[in-house]
Structures are given as structure tokens and as C-alpha cells.
């Protein structure tokens, strides 16, 4: 849905030369035109209007001086810096552009009628006056010569099976005779052959008049001039011939009795498609494809002269999309013979540049560009119009109402002449009005249902100036410009294969189309992505970085699109973005960034219904409604419910709730600081889902609890901990008190809905918790349970006493706290069950709260709790419980076991104990505390002394031996970790030193003397500077490694190891002691072996460069080049001192292996 817009037209009438142009070629390296006439060859530069070179063809008799000579072809040859010219006399002339010399490289006696070079300029084809084809190399060495008219079809001859002959087919109302009649060429045919090459240079086609039939026939030859195919007989086939550069089709024209068409042939000579020209009284002189095959130029001339005897001339530009041909531009040159085109061609480098020369030597260079003409409105009144030019029609599509695939449209405007340009009104509220400029220079305006034209010749054009008063000048013609705001400043985006900004800052080079909408820049790239960038929150630097980097996960600004997609338009105040595919069909997408931006606007404006419908349709997570601004949502819950006004939609919203904050995970907001996140709203510690469910349920119960009955049930079920009992209770209330309203929900419907939300078996279990057997039966009937399974159980429950019944149900549901509560009300005869339940489920605290402190049950529970605490190694708390309930002896035993001497002595006095027993208890408690402390401090020998001093061998079994085993395990683990750490840091130190030395050598290579004239002190200072820079990182790392190694070298105390070994041997743990001694010995050997490698000799000593009056240049450089460490701070000097191993310490036990 693009149109061709004329960017500029460079015209020049300054060229004057005898005769008239016959053919010309574009010089690819300079852009100048190489023009041949009846008398000369001229090189002309249109931008400057200067003649660069000119040479006569008549002076050396290549053309006659009477002006009757004809140049049949001209071609620029950049590799040879020459121009090849072929004349009708048969001469092939090379004009050297450097020396300005002419050279005849060959002559054909019969004359030449056409010349065409291959696209790679390796071979050239000539057609001679004897109707032969000559194929030559680029050095004009003949390859072959064959006749144009061959009797054979060619190598691609079709294979038939003997049926379906054309003579036997239906030929319409005119019959077989008309179909078999072969019409000769049209009278205005110039009867000259035409040559055209395929884009890859492997095939070429020749159109020539057949001598037998007098009609034109097209033959296809390969690069070796071997005939491949011959076209079928086409009545009315005309002289134009041009092979599409992409290689698919050959274009020509055909005159029918009632129409005129451009036809296309395949390489096998068969017709393949056509389109009808919108006229019947013109003849087609030439057809020309541009270099990228996107535009077909048709050169037309009136067949019959006017009243003044002159003919009008036209040039039309056609494009194709979705298998429909559009007339995009129509250039009228009037009926003046001198203003009529003499020759034209497309530029080989720039696909949309057309060069034209008139018979009066006027030069025109047209530059076109692709553009999409869309209405610029950004409000809801704009219909998102897109106008497409199609000859004398303007096809308008209003994308707000519908998406109509081209070539169809919403409506079309019929104009009296071909349209060359169309545009929409830029004033707000009037953006649906459009203006069209036709080829007859009339302006037609359509608006408010009427079409009128303006014939005014006064056009006012003013300069574009910025806010400072300076004129805005673009560095190149811009097809597409758009105003936008970037980071608060007015900027301009310019599209001309690259994206620039107003100050002409380069931003991106891979942009294929773009549009600015609201605060967004939407663009498609050659990487097949559609980007949507939020300009209000981006700087120029951010914009450039975003376009040059790959998209990240959950990046809402990027979306993958089909290869070659282009933006057509975006619907204002909507989320639709219209894309057109290369083949012409349309696709509507809802870009995530546009959708989220529109949703945020709706949510800020409290338009919950619009937001909800959009999110539901486009599958946006509904959590965003709350996460966008939790505070605002909670304050407007009733507004939300009133706007949604649908039970199903409210239930859908509740069922999609999740704890995740979608503004931080799925849909991060570019301007997240402007809104409150969901995590910030939970200041009371309540979870998000619970907060929403409670808020909605409260509002629904206030508005209409009967209407929102199902939603209220959903709010209970969707909580983090589902409140199924409450939901079932509400169903139970509906069953007991059915509502009288007509549309109210019944208990049966509510239960059926609950079964949809919750597993039926789970709901059955929870229904038991309501103790309502009727409700249980209602749920059970909906489940897959066999009545034989649940009916006996329910009947048994009905026979029980109410409290015991509920206890049984709660125990079945594993709700032990509730079961304990109900069982405690069943009387003393069930206390044994209470005690067993408490012990099994460890509900001691809950059970103590159910009985008075003075009761016997309380005392029994306390004793049971104390026994449990003793098992959990919490004897002191057990003693307190026993003391509180009067169990003094057992309390004393508990306090003694945990060495709580204060509590033990207090209880002993309270019993009371005899003085002798009390004194012995005090001594025992003091001794035990001391021994425990010594064991904890690893003072094994002193602990043994006290154990045997006070005859407490029991402590050796209960405390000492377990502590020895634990200490042995800890020491082994510690030694192994230290061994690994030492090895790692030592290896890292070697790497650091190697890097340091390598850096020093590289710096010496860079700053060292490169020649004999290098100055000494310049070199020395370079070495010093490089050494300081290179050693900064290495010295820091080296010191760090030394610190780690120094810590490792002083890891373990041999005295501690020695003491542990003796204690282990004493208690016959010889194997454990031997393993510990071996591991510790290996570690010491590893450290001792590594010390010389780590603390090398002279590590702390530095070398000072030797200077002075007695020094030579060589001695100074040698001293500078010697490696020396950088200065070490005073506080780190001790790190570099080598530690010494204490060899005199005897820690090993000889009795261990």
C-alpha cells in the first residue's frame, strides 16, 4: 500500500549539440550521461550542467555528415574506461574517456541493427543486417554467429503425448479459422530487433520480425548462443522487450482488437500473465524495468496525431502488489516534438532514479521514493485512512472500521486524470480529508463526503525554521519525516534507508519502515523484527543503544514479524498495528508495547471494562489490573465491579490471580517509578491474592450478595489457603434458607460451581468438616464414590454423641487440634484417648489450655509433656513443668541431668533432702559443670584428671568419648580444607607472577629502543612508566595471595593435635588417631615444601638502577631492564617475610603408624 513520491527532479536545458539524442548510457562511477547522436558522443554531467567530454563521429567517417547516421547502441565499460558504440553502418567503436580517442574494433559489412552487453560485461551480442546474431567476448573476439530465425524450437522443446493439440481446443465465438490466422506486426513497428538479458547474464532474449509471417517472435538463447526456446505465435505482439532483472518474466506489449496489454513471458516462451493499459489509442514504444524489478516504466505515444498534427507523449510507472498492477506515476510531455523524450533509462545504481533526454537535448533526472500516505490524526475521530494511487483512482482504506486486503478498499475516488500525489489534512479533527494532485496539474480535495478541485496556480512555500530561527536543511531527500518528542525535546525522525534524528545524528541503518504514534516510535527492521520504543522515557543515547542491541527476554518493545514486513499504519487510540507483507497481503498485530501502553492509560482513567475486554481478547494476564496500581484498584473495587458487571468475568479475574507481580516479571513498565508496584502494597504483610479476594468479597457482599454469590464462593476458594469450609457453609445456608429472588443462585447451582473449582473428593472431605450430613450427602452424590463406601461411615457417625461425633470426623480429616477440642468435652471416661491423641500428635500445649491447673488431668498432661521434653534434650523445661505440678523428685532428677544446679538445689531444699545428701548433691553438680567446661574447651588431660579425682567415670562415657570423636572428625575436615586451600592459592600465585612478568616484558618491547638514534632517557622513562603501570594489578594480587598463604601456613597448633592424639590412644581409638596424625603430617610437609616457592629469595629486596658519572648507557639500560618488584607499603612488609617451621616440636606418637 505504498505510493511513489517524487523527491526531486533535476532538469537542465543548457546542453546544446547538433542533431538529436539517439541513445545514451549512465556512467556508473561518476553518474554522468554518455549520449550519442547523429554526429558525436557527448559526456554530460546533469548536476553541474557541464559537458565533460565530446568527440565527433563524423570526422573519422563513422557516421555520415548529412545527419542520416544511426547509433544502434551505446554502453559504458568501466573496466576499460571506455564507451562502446555500435552504428548502423556496422562499425563497433571504442571511445576512450581518458585519452579522448576513438578506435574501431570491428566492422560488420551488412550493418548492425542492435547491440546489448551482458550484465557482467563479459560478452556482447550484436544483431546484423543479415538477421544473424554475433556473440563476442569483451575483447571483441568472436565466439559464434547464428541465424536469428531458427526452424527448431530449441533445447527446451516441450514433450507432448499426442492429445490436447491447440488446433482442437475451443477458440471462442470466432472459431478455428480466426485462431489459426497469424496477424503481422503492427504498422508502427520500427521492425528493428530487440535484445534483453536476464539479470544473472545466463540467458538473453531476441525479439525480431519473422520473415515468413511478418509477426514478431521472441527467442531465448543461453550464454553460449544456443537456442533454448521460441515463443508461441502471439498476435499483435509489439516491439518493446525487457527481461525482469530478477529473472522470472520477460515483458512485452500486445495489441488486441479491443484492448492494449502488457504481457509477460516465461523463459520457455509461454505467456504468463498480463495487465491492461488504461487506454486504447496509444502505442508502446519501450518497456523498462528498474534495477530491483519493483517498477516497470512504459513509454507511450499517441497513435493518431491531433488536430495540429502532433502526438502526445507519456511515461507511466507501474508497480505490482498482491497480483494487481497499479499505475503510480504518469508524466505528460505534451505534443511539442522537441519536448518529447528521445531516450530514457533507469539508473543502474539507484533503483528509483530515471534519466530522460528530450529531442531538444533537455535532460531530466527524476528521483522517486516509496511512501505510505496515511492520515496523521492521533484521536479517536481519525479513521486510520491509507490512500493508494491506482491510475485515475485513489483507493482509500479506513482501518479503524475494517481491514480490507488490497487491491480492494473501503471506498475509491474516481478522478478525471491520473493521480501523481495524494496527502491528508494535518489539522486535528480534519485528518480524514485528503487532497490529490493529478497529472494535468489540478488539485482535487475530498472532505465531508464531497469532492472538488482547485485550479489555483498560486502556491506558497515557506522555509522550515527551528525555534532559534535557523533554516532546517536535510542532508539528503527524505521520503518520510515525522515529528516526535524525545526526552522532552522536539526532534525529527528521517527515513531514507537509515534513521536519523533532527540534528542528523546517525541512529540505525537496518530500518525498513517506521511510524510515530503518540509517545512511541514503531519501526520494522531488516532483521525481521518490529520495535516499539517509548520515546518519552528515552534519550538519544538510549534510542541508539536500543536499536543496536538484541532484545532481552520479556522485552515488550520487540516482536518478530514475517520477512520483509512493512508498517502501513497504526490505528489511533487503539492497539492495532497494520503490516503489509512483501507479496501484498495485510496482517493486523497488536504489538505488546502498544497494548500495554493503552491498558495503562485505561487503568489510570479507571476504565476497567475497556482494559478487561482488551486483556481478555489479547490474552494479557489479568493480574495487571491490580499490579499496575494496587492502591488505586483497592480504592475503586466497587467501580471495577460495576463496570465489569458480569459474574463470569469477575470469576475469570479471580481464577487468574497469582502472587507474582506482573509489572516486574511479564510486563515491566518503562516508567515504573510512576506507578506503585504490587509488592509495595502489602505493607500489612498480607499476600496479594488474599488481599484482592477479601476486598472484592467485601465489596460484593455490600453491593449485592445474591447476584455475586458465585463470585463470593470463588473468592473463598482462590485464597492462598482455600476457605472451603466457609464456602460450603454458604452453600449450606442457601440450602437452609433458599433465596426468593427470581434469578438468585440455588444451593444446587452453587454446589455444582464449587465442584467445578475444586476436586470433588477434596470437597467431600471438607464437607465432612461442616458436620452437616445433608450437605455431605449432596457432595457425595456428585462424587465418584460408591455409596457402599460412605453411607456406612455416615450412619455410624450419626449414632455417636455430638462431641464424640465431631471428634471422630476431625480425626478422620486429620484436624487434630479440633479433634482434641471436641474430645476434651466428652468426659473423663475418654481422657485416655485424650492422652493418647496428645502424645501421638504432640499437642501438649493445646491440651494444657483445655483443663484447669488444679485438675488431675492437667497434672497427667504435664507429666507426659515433661517426659517428651526430656526425650527432646530439654530437661530444664521438663523440670519446671514437674516442679509446677508437684512432682518434686522427678523435677530434681531432670535438673540434675541438665546440670541446672540452682534449680536442683532449690528443689532439693523444697523436698527437703537430708543435709548429707544435699552436700553430696552440691559437690556432684560443681564437679560435673567443671568437667563439661574442660571437655568443651578441648582440655582433655585436665578433664580426665577431674573425672578420676571425683570418681565420675560415667561422664567419660556420656561426655568425654563423644567429644573426642567429634573433635577428631572436625580436625580431619579442617585439615583437608586447609590442604585444598593452600594448593589453590599457591597455584594462583604462580599464575599471578607469570602474568606480571609477561606484562613487564611486553612493556619493555613496546618502550625499548627501536633504532640506534633513540634517546636513552626517553627509553628509560618509558620502561619505568610501563613497569609501574604493568605491576599495579599484579602486585595487588600477589600480596593478596601471600596473605592467604600466610594464614594457611599458621593453621594448626601442634600442641592441640598432640593432646588429642594422646586422648584418642588412651580410649583405644588407635585407628582414628593414626589417620589424624597422617593427615596432619602430610599437610605440614606440603607447607614446608611450598615455602621456598612462595617466599622466594630477594622477594623484599629491590634493585636500584645504576646511574652516575661512572655509568655507561649499556649498564643503565641493563639495570632498568632487570625485574624488580614495586615498592611495598610498610604495613604489608611483614607479609613478604618467609615464615619458619618449628622443627623442635615433638608432636607425633611413635606408637602410631
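Note that Cβ sites are derived from N, Cα and C of the backbone, with glycine treated the same way.
Note that the structure is a prediction, hence the values are computed from the model and not measured.
Computed over the domain 'ELP1 first N-terminal beta-propeller' (1-349), the whole-number mean pLDDT of the model equals 87. Annotation comment: TrEMBL describes 1-349 as domain 'ELP1 first N-terminal beta-propeller'.
The domain 'ELP1 N-terminal second beta-propeller' annotation in TrEMBL covers 388-446 (among others).
The feature domain 'ELP1 N-terminal second beta-propeller' is assigned by TrEMBL to 458-568 (among others).
What TrEMBL records for 592-797 is domain 'ELP1 alpha-solenoid'.
Taken from TrEMBL, the feature domain 'ELP1 TPR' applies to 804-952. Residue counts for the domain 'ELP1 TPR' (804-952) by DSSP state, with H, G and I taken as helix and E and B as strand, are 114 helix, 0 strand, 35 coil.
Per TrEMBL, domain 'ELP1 three-helical bundle' is recorded for 954-1039 (among others).
Across the domain 'ELP1 three-helical bundle' (1054-1094), DSSP classifies residues as 38 helix, 0 strand, 3 coil. What TrEMBL records for 1054-1094 (among others) is domain 'ELP1 three-helical bundle'.
Note: the domain 'ELP1 N-terminal second beta-propeller' (388-446) comprises 0 helix, 28 strand, 31 coil (DSSP; helix = H, G, I, strand = E, B).
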